[in-house]
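Undergrad: Sharing the record's features from TrEMBL:
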- ASP5, ASP130: Mg(2+) 2 binding site (BINDING)
- ASP5, GLU43, ASP65: Mg(2+) 1 binding site (BINDING)
- 1-138: domain 'RNase H type-1' (DOMAIN)
Amino acid sequence: MIYTDGACSGNPGPGGWGAVLFYGKHRKEISGAEPMSTNNRMEIRAVIEALALLKEPCQAVVYSDSAYVVNCFQNNWIRGWLRNGWKNSKGQPVENQDLWQALWSHMQRHQVSYVKVKGHSDNEWNNRCDELAREAIKRL
């Protein structure tokens, strides 16, 4: 199980991401920040960094409050982008293509599914990811 979240102060502006990974009885928290980013970029970055930590191919469920991230896979946007040479339905280059490509690359090693969670609610681990992301921004 992986929980992720991204945050941005200003959007664009300083951005942070956080993730909490669970494996059996183990839990690992990670976070990072960039001086200039967007909330969407930080949401994607959180998933990339979490998947990058997985040492062996595995099944992973990613819980995110980002409709942007979850819909990309649940609605198969990614398949259309791949088929259309990283162009969206309007024929324009896909935004955040660099991060989507990196995420897609990490996903080739694992069986990843995505679950949308409500942000800023009573989900303990989504809230923790939000804290990690905001703390990371403060460390910039």
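Cβ coordinates come from backbone N, Cα and C, glycine included.
Values in this document were obtained by computation on a predicted structure and should not be read as measured data.
Have a look at these and tell me how they're positioned relative to everything else.
TA: Annotation note: ASP5 (Mg(2+) 2 binding site) sits in a strand segment as assigned by DSSP. The number of other Cβ atoms within 10 Å of the Cβ belonging to ASP5 (Mg(2+) 2 binding site), over all protein chains shown, comes to 32.
In the three-state DSSP classification, ASP65 (Mg(2+) 1 binding site) falls within coil.
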Undergrad: Taking the mean position of the Cβ atoms of ASP5, GLU43, ASP65 as the Mg(2+) 1 site, which residues outside that list, in the same chain, have a Cβ no more than 8 Å away, listed in sequence order?
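TA: Here the non-site neighbours turn out to be THR4, GLY6, ALA7, MET42, ALA46, SER64, SER66, VAL69, GLY119, ASN126, CYS129, ASP130, ALA133.
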Undergrad: How many Å lie between the Cα of ASP130 (Mg(2+) 2 binding site) and the Cα of ASP65 (Mg(2+) 1 binding site)?
TA: 10
Undergrad: Counting only residues 6+ apart in the same chain, whose Cβ is under 8 Å from the Cβ of GLU43 (Mg(2+) 1 binding site)?
TA: THR4, ASP5, GLY6, TRP17, SER64, SER66, TYR68, VAL69
